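The structure appears right after this line, and notes come after that.
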Amino acid sequence: MKQILFMDTTLRDGEQSPGVNLNEQEKLQIARQLERLGIHVMEAGFAAASEGDFQSVKRIANTIQNATVMSLARAKESDIRRAYEAVKGAVSPRLHVFLATSDIHMKYKLCMSKEDVLDSIYRSVTLGKSLFPTVQFSAEDATRTARDFLAEAVEVAIRAGANVINIPDTVGYTNPEEYYSLFKYLQESVPSYEKAIFSCHCHDDLGMAVANSLAAVEGGALQVEGTINGIGERAGNAALEEVAVALHIRKDFYKAEPSMTLKEIKATSTLVSRLTGMVVPKNKAIVGANAFAHESGIHQDGVLKEVTTYEIIEPALVGESQNLFVLGKHSGRHAFTEKMKELGYEFTNDERDAVFEAFKKLADRKKEITEEDLRALMLGEAAFAAQQYNITQLQVHFVSNSTQCATVVLKDEEGNVFEDAATGSGSIEAIYNAIQRILGLECELADYRIQSITQGQDALAHVHVELKEGAHQVSGFGVAQDVLEASARAYVHAAGKLKSFIQLVK
């Protein structure tokens, strides 16, 4: 049975989702979780895009030990050399070079002839191969490319040294039958086909990204590309967790097994959702809140008698816990540390102490601490520790009618303390106005969302905000049992990012 490898592009293609803006620390958190998920290749970013992207890719490359780290590059020497500088420190570095091959792209975007495109492919892959042990070539807009020319371009790339050939459905145009036949066509028409691994990369514009990816596997693809939760530009990418579980459950049909640690799927999905602020729909396959819920009386009766009557996936397969009690206020530092290690977290003594302190505070107010609570605490404290500013004091007072007054005290990384107060028509508006006064911002609150992480009156709150000032838009999140504290943390998280961006462009 063939093993299907996964190339995750959450950190590059996924981050291109409108409204998503991850900082370096957040990208590193996701990269570490992708490593736990067993992802074979992670596309850490586009190193030549900006200095920030370069530094993020470089840090991930120097950190990850058990996965290939890849940078995207155009078919340009400067891009390729920049990608090399970013990932050369990786245990397993890879270059991902791309060039469009469809008539519409060659005519209107590239203004290049077919001969020019073939020459550029050969030169860029040859250069890449002189620097990297592994080179992946993508024929952008492959599914709208004339098949004979696509086969010619692929052959040129393989002869130049490409180890992996990606056939992307860049605009989500194809369907499963067409995509399957395209892979079969290339198998028959590319003389050097056996010298490379073929990969698929599907977008979801027509809602067929997962189905198309599975069809590609049937057609001979050995690598599937996509993102966690299917996030990405426009309608998004193929959701890797859906492809992986489909291959596992229907290995009898696909004759393939996913190379992924499936029990880490839920934790990965939750992390990506909270850091990006993109809420997972309740009815989403595999990771949605209702994925394993049954309301129909007939269904409930069947499941109680025999679970396989209406469930084809065991929740535990993807790491869906039953949210059972795991720790309490009497749990000590050692038990806490061991449980966090069991969940896959590694941290320094200082980081452990900060999260343990937050855990003890929560345990004093919450009778049962679940795995979801622990993950949320770890996420929240990691974000809090990485911020330019942290909240040291927060007070809200009723003034009159609906007017509230908030006093906020912030401390920066150098230990400087800032305090200010402001009013607003409600507690949250007052808090946000006070924070704006401290940071000297005049931004617009573009989005505010609150989620309960676990059930019950003592549940942790997760608040996501998006701030906009001029052309700059950033997101932030905060986790706390108190909604006002979570809201303040989220605003400080986002406002700190926004201030950094504004200072950078100045």
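Even glycines carry a Cβ here, placed using N, Cα and C.
Binding of Mn(2+) is attributed by Swiss-Prot to His201, His203, Asn237, and within the candidate set Asp8, Asp13, Asp447, Asp482 the record adds Asp13 to that site. Note on the region 'Regulatory domain' (390-506): its mean pLDDT in the predicted model is 88. Each residue in the region 'Regulatory domain' (390-506) gets a DSSP state, and the totals come to 36 helix, 56 strand, 25 coil. For Asn237 (Mn(2+) binding site), other Cβ atoms within 10 Å of its Cβ number 31. Excluding Asp13, His201, His203, Asn237, which define the Mn(2+) site, the same chain contributes Thr9, Pro168, Thr170, Cys202, Asp204, Ala209, Glu225, Gly226, Thr227, Gly232, Glu233, Gly236, Ala238 within 8 Å (Cβ to the Cβ centroid), listed in sequence order.
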